[in-house]
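The structure appears below as structure tokens.
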Amino acid sequence: MGNCDSRELAEQTKQSKKINTELAIAKKDDENVIKLLLLGAGESGKSTVLKQMRIIHNSGFSQEESMTKRNVVCANTIQAMGALIEGMRQLRIDFVNRICNAHEKLIRETLSENTEYNPFNDAMYTALSDLWADKGIQSAYGKRELFYLADSAKYFFDSLARINEPNYIPTENDILHTRVPTMGVIEVKFQMKGKVFRVFDVGGQRSQRKKWIHCFDDAKALIYVASLSEYDQVLLEDNTTNRMQESLQLFKQVVNNKYFVNTSVILFLNKVDLFEEKIIIKKRSLTIAFDAYTGPQEDVEAAITFIDSKYRAMADNKDKNIYVHKTCATDTHQVQYVLDAVLDTILSSKLKGCGLF
């Protein structure tokens, strides 16, 4: 399973080196170039925001490029099932359908041996379908906040038949749901109203963060992506640290960094759809992450307002303007609306007083 991920990561590394070289050569951008830095903790959705910029402001993904994502879709689907099985075992939940024990063995062997599927063979397709239909797996999925599981798991499980079609080509929505950790720096470049925007996405995992700061001291604005729905989840890296608390600490480091004192900050509170589901349907209290929260337990707006205040409080300079937007990064229309508002604000120089121009 690691082969397709390795190819994707190798390409990221190649592009990252190229970008770093360009940054070293041209430290200061031309006045017609606006450099934006896209930051956020791992799995916040920042790479999805970057993909949306390609879709909205560039030509999106070519058919050839989309075809190369088939491996990633298949890998993400099998990896998600492996994580779901692992979570089920941690919770001591058993399969209802006994055949799923054999399917579990296939999943584990596939993950350990890095077997690649494109598309799934009959055995893997049957295994994934039977497992997703099993009541034990569904019970574990209902408790997914207790273990690590990618947000895209259900999306891909519900699309198994389509993904397994011989002529399957990943759609833009499929690509938006794929997940390969960002290693190094990835860039999207586009033009808007006579300006060239260069947007840089940098690795969000702990091991990646120290690599980017010095390269972007001339960024015009920071877009920090924070996942609202991670308040009841732990980090993939250590499986103990609360994800939202980690994101807050990273935001604190960024917003107070000496390189970004005069840089405007735009905060995307992302995954609002998943957040609403947890607050309203699953009734997962915000007090899981914040003992101090005393607002209504099933009031999404009250909870978001509280989280908003927590992020703003991270800035040592209380006069620093932080522009906040609620987003669902997989919703192209919603992201387009937010991005247009953000970019128009930048172009109209409304952020001039905060050092944008």
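A Cβ is built for glycine as well, from the same backbone N, Cα and C atoms used for every other residue.
Note on Swiss-Prot: of 105-110, 189-194, 327-332, 345-350, the range annotated with the feature region 'G5 motif' is 327-332. The stretch that Swiss-Prot tags with region 'G3 motif', taken from the ranges 157-166, 197-206, 207-216, is 197-206. Between the stretches 35-48, 133-146, 231-244, Swiss-Prot puts its region 'G1 motif' entry on 35-48. Your range for region 'G2 motif', going by Swiss-Prot and the list 3-11, 174-182, 318-326, is 174-182.
Here Swiss-Prot gives region 'G4 motif' for one range in the set 266-273, 274-281: that range is 266-273. Distant neighbours of the region 'G5 motif' (327-332): 45, 48-49, 52, 55-56, 172-173, 176-177, 225, 268-273, 338; these residues of the same chain sit at least 6 beyond its ends, with a Cβ under 8 Å from one of its Cβ atoms. THR182 (GTP binding site): 22 other CB atoms within 10 A of its CB, across all protein chains. Mean pLDDT of the predicted structure over the region 'G4 motif' (266-273): 97.
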